[in-house]
Amino acid sequence: MHPKLDILILAAGKGTRMRSDLPKVLHQLAGRPLLGHVVATAQALGAARTCVVYGFGGEAVPQAMAEATLSFVLQAEQHGTGHAVKQALPQLADDGVTLVLYGDVPLIHTTTLAPLAAAADAGKFGLLTVNLAHPDGYGRIVRENARVARIVEHKDASAAERAIQEVNTGILAVPTRHLKRWIGELRNDNAQGEYYLTDIVALAVRDGVEIETHQPQHDWEVLGVNSKAQLAELERIHQNEVAQRLLADGVTLMDPARLDVRGSLVCGRDVTIDVNCVFEGRVELGDGVQIGANCVLRNVSIAAGTRLDAFTLIDDATIGEAGRLGPFSRIRPGTRLARDVHVGNFVEIKNSAIDAGSKINHLSYVGDTTMGQRVNIGAGTITCNYDGANKHRTVIEDDVFVGSDTQLVAPVTVGQGATLGAGTTLTRDAPPGELTLSRAKQQTISGWKRPIKPKKEG
């Protein structure tokens, strides 16, 4: 906790180039709004308070971030970054320091920001700059005798100033008492007719406040999002960072460029992940887990030694040790699979508990079911759990064998060791240890002829 650090996040921009009705800062990167990434960074820095200045989209921004401990200030009309900061000044403690961040710059690291806050703590002006080979569009850092003298916006810069490659990122930290004074002195006599926050640099120089510059470890940390193309670019940068961390932790990625983690992914030892897999929410993979190609996992815990074949979808479920799932399996919310459970191709399981050693290998639907150990479910089996108004549970006890093409009309219980013959429609409980079946008597109609379609003339 940094008891005197206030973080101000500017998030009022419309984002015209996004071509969207959604406020720019609410567009998602890695499964989280852009603003959410910045808020998480602020929280990691231990700020005493975090204030978000919002504008376009009205209350959509505060509503989207309602779970975070934030204060919000509306910038009803956008007249530049200096004007945005002015709206929030009453929220900032005079005896603290203020770090200014941007809601559309989501990849900034805490290790980059910490030195800026430390500079402000020491009474200095902490300024984040970066050197770019092609600095078009950015404000230039003008130095005199190696010291920062001012920042000139691109549209206001002379030819000589446009040749400067050190540019302003907009991210800064200053003692709040200075910030409040300088903001009151800003003028809008520039090409844009706006109040530039960057103009406080010249005021700091005038007042003899030392400007201490720092640069990020990676240039992409300060990249902003103004278009869908830039959003896609930052998504790939972020996913590459995630992939590199996983590789460093010993995870085998068949292709690091074809991985999407949209939340948190925690892996044990010797985990292997094939291409085009998506991980959403919180996903935990135990030792030796193998994930086949094109799987989607959302809020899932998978125990050691389990293998998922291609195109398996698991959502809000727990998978036990040494399981085998897929290909083309769907595990829906509320499902718990115990050890050594096999779920095969085109099987869907919802809100069910499947105990150890049971197998559902082909073309089946199991919903709202409690299944014991060592159960074998034949191909084409359906638990009919919904009567049009209510859902009912099916109970299948240990060591049951269910023949293919069987329907179990819930509520119904199949006793321990029972066998259901193929094609059975079970509407009453099946007793333990017995064969239960229901089917029409087979008959052969002698002399029956299949209808023949008449041949077309010509």
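Note: Cβ is positioned from N, Cα and C throughout, glycine not excepted.
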Record-annotated acetyl-CoA site (Swiss-Prot): member among Ala379, Ala430 besides Asn385, Tyr386, Ser404, Ala422, Arg439:
Ala379
Local Cβ density at Ala422 (acetyl-CoA binding site) - other Cβ atoms counted within 10 Å:
15
Would you mind pulling the longest C-alpha to C-alpha span across Ala379, Asn385, Tyr386, Ser404, Ala422, Arg439, which the record has binding acetyl-CoA, in angstrom?
22
Give me the non-local Cβ neighbours of Ala379 (acetyl-CoA binding site): same chain, 6+ apart in sequence, Cβ-Cβ under 8 Å, ordered along the sequence.
Asn361, His362, Leu363, Ser364, Ser404, Asp405
Report the nearest neighbour of Asn385 (acetyl-CoA binding site) in space among the binding-site residues Asp104, Arg332, Asn376, comparing Cα positions.
Arg332
Largest tally of Cβ atoms lying within 10 Å of a Cβ, found at which of the binding-site residues Asn226, Asn376, Asn385, Ser404:
Asn385
Please report the number of other Cβ atoms within 10 Å of the Cβ of Arg439 (acetyl-CoA binding site).
11
For Asp104, Glu153, listed as binding-site residues, tell me which one has the smallest number of other Cβ atoms within 10 Å.
Glu153
